[in-house]
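Here's the structure we're looking at; comments come further down.
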């Protein structure tokens, strides 16, 4: 129709192209489009070029689903043919064009980003199990009968919780929920993620209450200025570890979400992206813990997390994380309500 000779590359050459070309080509081309004066040739040219430029491993016409997203439409410029005024219409330089499929896949990825961002704080809370929970246990009574439990070893409660709840969830809870929802998984991945955020918030509330009680006993016993264990049993930490473990059981919804919602060509990338959530959350935890002394240790105050926790206010730190987790939960609910699944499109 446009007088263009379109040739499809051999399958072997198409398979050479990897999923990351979608992101790279779209991003670069959008910047170029916004920088230079161009003339857009619209219409069927986009669809023709989607077959002519095999930058992804699978062709647009062979997709199981072809979703034209109704958001961030400015990305559509990356799939529009651009010709300088001085050049006649001929064989187009397809290296400067993204396929419609690539653009739509990138838009799907962007649509999932808010969900990914709101799950970062779950990993931040999870990291407390390996840092502040251990420090807290270090100034508690670690004796259970004649046994003395190392502070870090009490993380076994989290492991036991996960091992105990996984079969119960899969065999009992899912079966019950399936009768009400009609879903094979009982609830959607987004609902599982929401439950995990609720449980992580409860974990921080529990940790804050335990620390408040521990500090109260430290004042009563006159141990505030002594770096010694307070006579409060380490068993009081059980609920906070339990809530964290239960949250881990439900947080698997994040990986299910990215696997189900990711485009075929970006599925591996999205799965890796979901695993990166833990890393970002851990780094965020380190950043917060590093900044807390900067803003709280002033005017002679030892701050919230000093070397001697009996002089500090670790409970305030936990309350802060509780509030952040609650606000993050509200943000997640908003994003989840606005999110439109690929299956619903």
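Counting starts with 1 at the first residue shown.
Cβ coordinates are placed from backbone N, Cα and C, and glycine is handled just like the others.
Feature transmembrane segment, per TrEMBL, maps to range 190-210 of the set 190-210, 211-231. If you look at the transmembrane segment (241-259), the same-chain residues 6 or more away from its ends with a CB under 8 A from one of its CBs are 112, 115-116, 119, 122, 125-126, 129, 133, 154-155, 157-162, 165-166, 169, 185, 188-193, 195-197, 199-200, 202-203, 206, 267, 270-271, 273-275, 277.
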